[in-house]
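Asker: OK, TrEMBL features for this one:
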{"type": "DOMAIN", "residues": "6-160", "note": "domain 'Aspartate/ornithine carbamoyltransferase carbamoyl-P binding'"}
{"type": "BINDING", "residues": "S47, L48, R49, T50, W75, R110, H147, P148, L149, Q150, C276, L277, R304", "note": "carbamoyl phosphate binding site"}
{"type": "BINDING", "residues": "E142, H176, K240, R280", "note": "N(2)-succinyl-L-ornithine binding site"}
{"type": "DOMAIN", "residues": "221-313", "note": "domain 'Aspartate/ornithine carbamoyltransferase Asp/Orn-binding'"}
Amino acid sequence: MDKFFSVADIDDLDSVVREALSLKANPYNWRELGKNKTLGLVFLNPSLRTRLSTQKAAMSLGMDVMVINMDKEGWALETRDGVIMNGTTVEHIREAAAVMGEYCDILGLRSFPSLKDKVADYTEELFNKFVKFCGVPVVSLESATRHPLQSLTDLITITEHKKVAKPKVVLAWAPHVKALPQAVPNSFSEWMCKAQEQNLVDFTIAHPLGYDLSEEFTSGAYLTNNLDDALAKADFVYVKNWSSYRDYGQVYPVEGDWLITNEKLGLTNDAKVMHCLPVRRDLELSSEILDGPNSLVIKEAGNRVWAAQVVLKRMLENLKK
Ligand code: CP
């Protein structure tokens, strides 16, 4: 593996999950693999889980890790080509990425979307430029349209906690006060659609009118605007807010009650509830769910380590070839 950007970078989902769970059982068996190798983690946006879990995964593989919060600690970055840099930007991504590639064997990049320029965001302009100019393997720490380490984590968590061979998984839109990216739901959806193709889950997406995700990510999913119908017999409910894809980055007033509570959970097959975190309590997800026995959010966050570790292990193995 020389890039981890989307579900397309993994052929066999069952096999990557089994490998991740074997790392969870024996985290330090591969310490020699990463010896004298350096991982650079580049953040253009905030992070708690992605930063710490990826650092921990790399250290368990014997790697050295360097982290830069480019938005706060780096020079102001120019990402456009063909501009005279006589404004506020100081360093072009062409030089910045290439220099980081000189210091690191593998790089990770977090770069959120603008939510203003749909074309630039959905062609992954910034992420692709970084990959092109850094010259080393790159793992996405969440890009404009996807969050693959989160989605792999989610599949690992579903596999660990499922009680039937092919659980019903529901992605449920949730309220929020801000316009959030579509990266997490896009990514979860494309991973679940592939898992459905491989006969691992049954997948439904429920969202209010106007919040359709791009069809690029939802092929094969059952789509509905009725949350209660979606929740019927669900084994897992994945809660997440997102802004409109069609009216890019916009949010509309929403009719009906989209907050998952114990009453809503009563419609399900005693479903486990997931969220990538951070979560706004009693806005996106009720405290009674978060503090109750059906919440998987902490175990899910814990599993971020094994998703990162299996991806870095495969990249390190590829470096040795
Ligand atoms: N879920 C997730 O990516 O968390 P952070 O933004 O804290 O990394």
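Any Cβ shown, glycine's included, is placed from N, Cα and C.
Whatever TrEMBL says is automated annotation, not expert-curated.
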Asker: Of W75, L149, K240, the binding-site residues listed, which put a C-beta under 6 Å from ligand 1? Please answer none if none do.
Answerer: none
Asker: Cβ distance under 8 Å to W75 (carbamoyl phosphate binding site), same chain, sequence separation 6 or more: which residues?
Answerer: V90, E91, A96
Asker: Name the one residue among H176, K240, R280 whose Cα is closest in three-dimensional space to that of R304 (carbamoyl phosphate binding site); these are the binding-site residues.
Answerer: K240
Asker: Grab the carbamoyl phosphate binding residues from the record (S47, L48, R49, T50, W75, R110, H147, P148, L149, Q150, C276, L277, R304) and give me their largest CA-CA distance in Å.
Answerer: 30
Asker: Considering every residue in the domain 'Aspartate/ornithine carbamoyltransferase carbamoyl-P binding' (6-160), what is the mean pLDDT value?
Answerer: 97
Asker: DSSP helix, strand and coil counts for the domain 'Aspartate/ornithine carbamoyltransferase Asp/Orn-binding' (221-313)?
Answerer: 29 helix, 15 strand, 49 coil
Asker: Sorry to bug you, but what's the C-alpha spacing from E142 (N(2)-succinyl-L-ornithine binding site) to R49 (carbamoyl phosphate binding site), rounded to the closest Å?
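Answerer: Rounded to a whole number, the Cα-Cα distance is 12 Å.
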Asker: Nearest to R280 (N(2)-succinyl-L-ornithine binding site) by Cα, among S47, H147, L149 (binding-site residues)?
Answerer: S47
Asker: Relative to the Cβ of H147 (carbamoyl phosphate binding site), which residues of the same chain, six or more apart in sequence, are found under 8 Å away?
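Answerer: Residues satisfying the criterion: S140, A183, V184, S187, C276.
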Asker: Around the Cβ of C276 (carbamoyl phosphate binding site), how many other Cβ atoms lie within 10 Å? Please give the count over every shown protein chain.
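Answerer: I count 25 other Cβ atoms within 10 Å of it.
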